[in-house]
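The domain 'LRRCT' annotation in TrEMBL covers 89-139, 281-332. Among the features that TrEMBL reports, region 'Disordered' is placed at 137-162, 331-373. Under the heading compositional bias 'Polar residues', TrEMBL lists 141-162. What TrEMBL lists as compositional bias 'Basic and acidic residues' is 331-342.
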Amino acid sequence: MSKIWSREPKHLLLARNRIKVLRDGAFFGYGSLTSLDLQQNQISLVEEGTFQGLTRLRTLLLQHNRLGTLSEEALIPMPNLRYLRLYDNPWNCECPMDSLIRTLQVPSNRNLGNHARCAEPLRQRNRKLKEIDAELLCKESPSTGTPQGDQTDPTSLIQPSPIRSKQDATALCHTYIFPQIRLDCRNRGLTKVPTGIPEDVVHIDLSHNAIRHLRAKDFHGARSLRTLNLSHNKMEHIDTGSLSGLLHLRELDLSENGLYFVQYGVLEDLYFLSQLKLEGNPWVCDYSIHYMVYWLRLHPAVKHSGLLCHSPPEHTGESVEEYVHSYNRECPKERQHSRTDSDQTDPELWNTPLEAQGELEEEEQEPSHLRMPQKYQIIRLS
């Protein structure tokens, strides 16, 4: 089948189709593949010889399917496999899963099968495959999920309380490998940025959720991130360190949120940002908004849109840049001095008590931590 390609493909994207069964030899002729994406299908059966010949495969995505069981034999033809996604499948954690679970629990396979959980039997529900005691799997009867020979009435067993799992990015979101690693977390009902964001992710879409607050280190470790979409949330506050370390971020979308301003320091690490979307926020035009304008002036290559005053009423609809410009044009009343210009320029007043008094008044306006010692010396330079 790969003969139709001028070059043997290295990445094969088959996600979001209606594939139900993977037969033996399904990928014969694709020996150059390094990544295979089969997520979001309807796969319920993978035969043991399905992946025969894929000796170079490093990434296999099988999450969001209908798999209840999978044999270790299916993985043997892939000696270089480093990333295996199996979560969001209805795994039946009974004896036929023994070999797979033992393989996943080998310490060197730390990136195989993370976050995959049992759907049945009841006593194992919501437990991670990596945490199941493999010794007990084949000692339990398949009908009741209790050890063989134990005649306890199954109706009398105490059902475990559901496990509240953390909001983990790889379990909650769709991951796409080709052409670049992309995390699709749209419309997932998230109230905060999920944990466990992969270090090598390039694009993250967190739009259309209910995130209100970006906290420090929410994206810690995502050093390769290029685009970040946070639009259509309920964002009201961004901590100073929430975007720290994103040195390579090129596009940031903060549109359609509830931001009144962006506090000082939030954007300091975004050295290579080229696009910033800000529309649809209730920007308040007071002194708090100045940081955003000054940062944009220092980064003229950044294309931005939507920075318009929402309040107070006298500035509604005005661009924030124009507001800051008009603010700086007007001299604040507290900086105006009562003495006339002639008092400051008349040479006859030089070295007089009046001049010294004027200088003392100016010093008193400085903040206390900037004041000079209480000793004044007037030197005239002719």
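Glycine is treated like the rest: Cβ placed from N, Cα and C.
Looking only at the domain 'LRRCT' (281-332), the predicted model's pLDDT averages out at 86.
The DSSP breakdown of the domain 'LRRCT' (89-139), given as helix, strand and coil counts, is 23 helix, 8 strand, 20 coil.
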